[in-house]
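Here the structure comes first, spelled out in structure tokens, and everything after it is commentary.
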């Protein structure tokens, strides 16, 4: 059993505005376009009345009919209700509402950025009431039926709800100004509230202005029919503080309809509201008060004003409800308490204009009569539109055509006159950008051999033609459209926009007569109304996206914003370095956007992906060891620390990070740091939120000490900082600041460097943060009824939701939020279908994406859903995407009121949860972000039964990023790649581990334990105990990279306790050879892999595998080549003993060819990513042996194997041309001619002699010891003495004890 409770909350104002306004009116207050018969008169169209025929019906049921109500005076209208005609088949199913103060110049009711169409009735008796979201004030209302009963005709009864409305109105004639004088000469104002309503047909004019002698001012004015607020709370004389702030809002405000404005200011915070649309901003500068002198003027600039006026026009139109800080300006002016002397005739009623606008759509035209058979055409009119193209005017002349069109935002005139034998054509073009929604005036005069086109009355825009031309008018003119066939059809067929002030043949067009049908004709035209809408105001393009519009729609250009989507809502960047790592990215500089679609913009950071952590680094501009002088406790030197990101952006990083640190250092000589006699520190730092902190690096909040004070090792034990001892020697106090709620350091105030001999140097390091709690914030839902609830989701016009999920279930609701009828839901519909459904009032919309693979595979999947006024989008794993355009007309606001349910549907509490019903989600949800805000699932899960914080099993999704045999290891927040058993390092086991070998350097890796007497104290033995089946091998896997410029050399040698061995060598010519000796053959089996010289300094890679007799070798990126051991050869590698790299240093039998030809002087160069049957000898040696002797220097120089063909010198990344860099490894230097040439020759001779003597000694030693079973090597005996002590150690020996210098290390890396 399920108990459902409903809670309905009504929001009531103090005075309820819900009176019936139409029912009390007399019959004469109702008028209509036509009447079917006497009983159907408009006076009978009152709700629930049955008089006459039971309501109003027009003569014809078409789109030109209307029912009008005169409320007698201006009223505040809050709702409207309709019924069909009593006991009939006549009703209206859809209608529009127009309103006006005068019964002319109608304005359609707008809602959700569109001309709104109300849903009507489905029968003749029931009443349908609509509350007006945007309350209106009007005297006249007009209902225009759009659709009606299919069984009958238009039928209507109505009621209007609202209340009385009375305010004082002032008419401004463009000359007069009302001056509101302050009670004192100078006003220092910290808070302002200014409210007024205005209407005008002018697009320029100052509405209010005030200024002060110190440069403060406030101005509200119309500029190009937009409202511009300029405010300055103060600038200093040096110009370093610029207080000017300018904000624009609204458009099309010259429509001669009422608009309300409210300006609320407290200090620098301003709310600027126009027609219920509010902009919040802070003024520039650092001052809080508005300093005004004498007065505030309404309607224009005061006559005593400064030249700041700039010749701006005064306001011409009407204002009402003018209030300034509680004073009713309108009432004060009526009671003559204000200076109104500048008015010639002050009027407290609104003087209406006499324009008659005409509204065209894509199927409209207006036909007007003109003078026929006349030799002159004179036409002028005003138009406004958003479209760059359209037909404005067309006429068939007696012997040709005349066309005025808008083409590419310019006005073009085409006159074609055809005589018996000739065709004269005149083309004129003028203006630019005329599709800006403003009124523009056109005047065209054409007569014999003359034509002139003028735009907006500007002489500079006039274009003339004196081409041969003879005009004979046809007598009929079409405006806004022409759809008939003609010999010379117009280039455009229709126009979407408005026209007014139409003059034909220098006579005003009588549009009232056209409306009554006594002259001219029209089709689909709305007379006495301009229904233009600015779809870019308010601007739905977010994050600085640029809005472009046509008459029907708008589009957003997101280039350069860092965002994408129909409204530039979704960030194209990841939220953190952690997210980039889990896309498989390596350390680099990245753009991040921590709040996604939130207000913070993207910014660059350095991401350092280590094996187990991800670090985010934000740099600052303070140079290391910045010198500070001349500061004292009374006059501290403040050093500003600016970062490569804004403070809000940096705060977003520290808030979500697991840990942050920032190094701060104070080097001092006779400059005290913290402690003073009265306890106030000499120096402090300012962190997040402009909060001062009195502790130093290495200490913590509330502990006024330095690191040495915490560790009790300060220079002087009496002080808690080294610098506080005030010594004449240089000291330093440094350490890490790790309390992330205080970071980053934004300022440091230094206060003791003004004494003789005092010096200080300050260093503030970059901010370094590790981890991203938001990215791993997860919850596990363990039962179908478990869920988390959060506050109502606020996403009225744009909403985005993103999260990761993993599950083994095949269905479940991820989240849901409900409204009265609106809702939003994301759901796993089946094991391959994700659903995103919502309703904003236009009916349910559902988007689904179908995955090719099952989604209940217990791996992480990413879901992103977005809904805005343009479209809705659902995306899965950045692979599958579904989208749907929003309807051109209809509701756009998502209005929700319930809590947000995560893990089950909100409606499940009142639903049967049996099979087939919506069921809860079983699995994990992670990183749930809604409109850029990450919901804290873990915190809520800690106190919710059936839900556990966190989620394990990340390796199922991210294990693929662990390369080269790396193992994925689970962590609570993520995973890491264990590269221990691989020849690689790095966060994804992709970074080669290699070493630079000098002459004589070797690595020895023992597969079987052995005891070697007299081991050198500098060597260690690395031993790997093999299992019995691993001692005798029938297959090997070998892989490594190398680079060298020296040959011959032994790259790898694997020995055994028998005479079996495997060797990979470079021969004297640099070619690569593989030698196998497995027994059964008189000579080792040799494979010449490549005849090229591989000792060319380039990196090369080799991959080799053997299975029994089959050997496969791949060199670099060449195709693998197969070889086969001879039938006589054994296939078992018996008693594998030791692996050598770089040089052989072995007892027992060794192939004498290897020793004689390849082992001297040993490999010189780089080896990397060495693997042999799962063993990584080189990496083991580098990780277990200290490098203090410099015998083996870690390097990654073999990481890029040579491609085909070899690189030229020009493109060789190993080559540094045209630089000052030197290669220490190449000791050969260019010697100028004639310098030390003799010395070089003598040195060469000596080297040859020494080399000959050494070779002779080597031969004698080999001969003397060839039968004694001792060391078959040319190494000195002492260097070979070792003892096997530890299991995982390696021998690294060298003839040359010199360490490699720093520059050599740097070059190889």
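Cβ atoms here come from the backbone N, Cα and C positions, even for glycine.
Taken from TrEMBL, the feature domain 'F5/8 type C' applies to 4-163. Sequence annotations record features per position, and here TrEMBL assigns domain 'Laminin G' to 169-350, 355-530, 777-951, 1011-1197. Sequence annotations record features per position, and here TrEMBL assigns domain 'EGF-like' to 532-569, 952-990. The domain 'Fibrinogen C-terminal' annotation in TrEMBL covers 568-620. Look at TrEMBL and you will find 924-951 tagged as disulfide bond. According to TrEMBL, the feature transmembrane segment maps to 1240-1261. TrEMBL lists 1275-1302 with the feature region 'Disordered'. Residues annotated as compositional bias 'Low complexity' in TrEMBL: 1276-1287.
The Cβ neighbour count for residue 951 (disulfide bond), using a 10 Å radius and every protein chain shown, is 24. By the Cβ criterion (distance under 8 Å, sequence gap of 6 or more), the domain 'Laminin G' (777-951) is not counted as touching the domain 'Laminin G' (1011-1197), fewer than 3 such pairs being found. Around the Cβ of residue 924 (disulfide bond), 22 further Cβ atoms fall within 10 Å across all displayed protein chains. Regional average pLDDT for the domain 'Laminin G' (355-530) in the model is 90.
Beyond its flanks by at least six residues, the domain 'EGF-like' (532-569) meets 110, 113-115, 249-252, 255, 277, 359, 384-387, 437, 496-498, 591, 593, 597, 601-602, 797-798, 800, 866, 868-871, 873, 888 of its own chain at Cβ-Cβ distances under 8 Å. Spatially, the domain 'EGF-like' (952-990) is adjacent to the domain 'Laminin G' (1011-1197); three or more Cβ-Cβ distances between them are under 8 Å for residues at least 6 apart in sequence.
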